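Below is one structure, written out as structure tokens, with a few remarks after it.
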């Protein structure tokens, strides 16, 4: 008979492998939210990682509870573990081992896999390895598999609608910039309304905001959206017009009080004068000065790094990668895509970043369950000495935070590998395209997350990206079907690979000789 606090080593192992699994989620799925933003040039890699770290953590901590419940008790029959709850702890540890092993392996190879697939396969494999096929709730597996097929289709359709509307209303016209300036407040208002609605509707584990009546949620959403519309109409639109049409050298923070900023001339003349002065000074110093600079740089490069500098370089190695280094094949693919007015595209940069944040927030709320669901089960059994038969035990806030932090670390140190695969290799991504696919993806993920259905963000973003590539002007020739085949192959191997590792490990341990 298990007592509370027994098998602490299993709880410790669960903590370790839950961290590794969450780390792998951050390393592998970061491209789902911000790959397009970096690929289109709206953000650089460092900016994307910084913003994504905040959004992923907040999504995991504030909105990750309900999906964790689905992963935790909806895949295998927990009644089989009623008399031996410690076996459920062991099964969840093995599941985390199987999932984290495959996800980290795939991440090291730059393969974008579904972390949802990995944990589903791992938990299923542990159930089969211990009790046979009867341990698995196949109806639940069937529902999840169905969502895998439906989610990229829905995300693709939603994305196509958003982009086609943008294309025919704004992008394809000769006065697209003027049309875009008129439409941009509406785009911001609609995006914010959707964001606020889903955040309130989904709710937070620690608050009761989701219990508000639907009319109240809609009212709050439209109220916030109206305020954003007013700000965009009276400030942002003026800022964009002066910056893009007037080409004034305004800073980003001028957007908040642009009506009080005096007209600024373009600094071209000043730059020419500065360049002339600089050339004059270089003429005075001559070749010897250049040579001394080069020798000084060489000396700095030869200087050995301190231990702190080595650790810093290693820790931030992932931030110094160029994910937009295209091959000739990818460049040829991008050349087939229809291009639109660059200044009009710039209107969508801020919107793309906003929707990428929304998508990242949605990703954190959905995919944190993949690691913390099993950990929550382990913690509950360790704490109470029995199985949670009701499946309604709340997910502790510290576990949500733990998973969120691990996701951020994985994103920071290893996320660039998969981002390089998905960032811009499927099709040409511009800010307007990136905005459309990010919003379409996040709508699909958050809706399914609210329903407790653990959809794959990888499938959603892939379906959305493929869709926007097809409908953006170049047709099927604008899509890299070779890389899509590689991605599809990684999806096929994910579930059985994680399941085999988990199932074999669990079966080996429970069937091994025991000391009497």
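Think of each number as a place in line: the chain as shown, counted from 1.
Here the Cβ of each residue, glycine as well, is placed from N, Cα and C on the backbone.
Remember, predicted model here, so these are calculated numbers, not experimental data.
Residues or ranges marked as transmembrane segment in TrEMBL: 7-25 (among others). Same-chain neighbours of the transmembrane segment (7-25): 86, 89-90, 92-93, 96-97, 99-100, 103-104, 107, 115, 119, 367-368, 370-372, 374-375, 378-379, 382, 402-404, 406-407, 409-410, 414, counting only residues six or more beyond its ends whose CB sits under 8 Å from a CB of the stretch.
What TrEMBL lists as transmembrane segment is 87-106 (among others).
Annotated transmembrane segment per TrEMBL: 118-136 (among others), in sequence order.
Among the features that TrEMBL reports, transmembrane segment is placed at 148-170 (among others).
Remote same-chain partners of the transmembrane segment (182-201), defined as residues 6 or more beyond its termini with a Cβ less than 8 Å from a stretch Cβ, comprise 63, 169-170, 209-210, 212, 217-218, 220-222, 224-226, 228-229, 232-233, 236-237, 240, 347-348, 351, 354-355, 358, 361-362, 439, 443, 446-447, 450. Positions annotated as transmembrane segment by TrEMBL: 182-201 (among others).
Look at TrEMBL and you will find 213-236 (among others) tagged as transmembrane segment.
TrEMBL lists 395-416 (among others) with the feature transmembrane segment.
Per TrEMBL, the feature transmembrane segment maps to 483-510 (among others).
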Distal contacts, the transmembrane segment (148-170) - CB-CB under 8 A, six or more residues away: 114, 117, 176, 179-180, 183, 344, 432-433, 435-437, 439-441, 443-445, 448, 455-456, 459-464, 466-468, 470-473
Same-chain residues near the transmembrane segment (483-510), Cβ under 8 Å, at least 6 residues beyond its ends: 87, 90-91, 94-95, 97-99, 101-103, 106, 111-114, 117-126, 128-130, 421-422, 425-426, 458-459, 462, 466
